[in-house]
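Database features, via Swiss-Prot:
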- R76, R101, D128, P129, M130, L131, A132, T133, G134, T135, T136, D197: 5-phospho-alpha-D-ribose 1-diphosphate binding site (BINDING)
- I191, G196, D197, A198: uracil binding site (BINDING)
Amino acid sequence: MIKKVQHALILNELTKLRDKNTTTSQFRMALNQITSLLFFEATKQLPLATVEVETPFAKTKGYKLKNDIVLVPIMRAGLGMIDAIVRYSDKIRVGHLGIYRQTQTTSVISYYKKMPENISDSHVIILDPMLATGTTLLTAIKSIKEDKPIKISVIAIVAAPEGINKVEKMHPHVDIFLAAIDEKLNDNRYIIPGLGDAGDRLFGTK
């Protein structure tokens, strides 16, 4: 399922991400704000267990998450999305995937994988600001499926139709939460209008 999340604050912060004059610190802050809002949407239907809790005055019914959440940022730009989420639950763990797309081809290189122990009872959320050709995300999903999590979702900021269509065709049960669906990919496979290289803008590199 593709879910473009409609929210005034997302549009406000997305404009900052797109602006070429936005500073590195401003870019980080805007990325955090959008990631938080997308995370709320991605998790609002998570299964809950009923528990009894005692307030200072009485016992009452409460709820807790049934399953852990495992965040898997795709290095390096996905690393900038972690802090926006980890503060929301003590049931959040973090794995890492190192994958990059070769600029002149559609092939991808996987160079690092480190996952929490036993994620078979967890909901995995892949974090990557950009969904361009879809090849990086397909590689990530394939790798994570080897660990047999309950569910895989994706939080991305901006996506191109080409990448969305490719991933949805291969993995229709993976939910993808987005702030924007842009026009197209250019000849160099960058998203247009996009927001530039998210990793460079996030970390102040070129």
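Using the three backbone atoms N, Cα and C, a Cβ is placed for every residue, glycine included.
These numbers come from a predicted model, not from an experiment.
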Worksheet item: Taking Cα-Cα distance, which of the binding-site residues D128, M130, T136 are within 10 Å of A198 (uracil binding site)?
Response: D128, M130
Discussion item. With DSSP assignments reduced to helix, strand and coil, which class does T136 (5-phospho-alpha-D-ribose 1-diphosphate binding site) get?
Written reply: helix
Discussion item. Below 8 Å Cβ to Cβ and six or more residues apart, same chain only. Which residues does that give for I191 (uracil binding site)?
Written reply: M130, A132, V158, A159, A160, D182, K184, L185
Fill in: Rounded inter-Cα distance in Å - G196 (uracil binding site), D128 (5-phospho-alpha-D-ribose 1-diphosphate binding site)
14
Worksheet entry | C-alpha spacing of D197 (uracil binding site) relative to R76 (5-phospho-alpha-D-ribose 1-diphosphate binding site), in angstrom | 11
Worksheet entry | Integer Å distance between the CA atoms belonging to D128 (5-phospho-alpha-D-ribose 1-diphosphate binding site) and D197 (uracil binding site) | 12
Response to the item:
Cβ density check for D128 (5-phospho-alpha-D-ribose 1-diphosphate binding site), other Cβ within 10 Å (all protein chains) comes to 24
Response to the item:
Close in space but at least six residues away in sequence, with Cβ under 8 Å from that of T136 (5-phospho-alpha-D-ribose 1-diphosphate binding site), the same-chain residues are I74, I99, Y100, R101, V108, D128
Practice prompt. Check each residue in the chain of G134 (5-phospho-alpha-D-ribose 1-diphosphate binding site) that is at least six apart in sequence and keep those whose C-beta is under 8 Å from its C-beta; list them in sequence order.
Written response: E162, G163, I164, N165, K166, V167
Worksheet entry | Where M130 (5-phospho-alpha-D-ribose 1-diphosphate binding site) sits in the secondary structure, as DSSP reduces it to three classes | strand
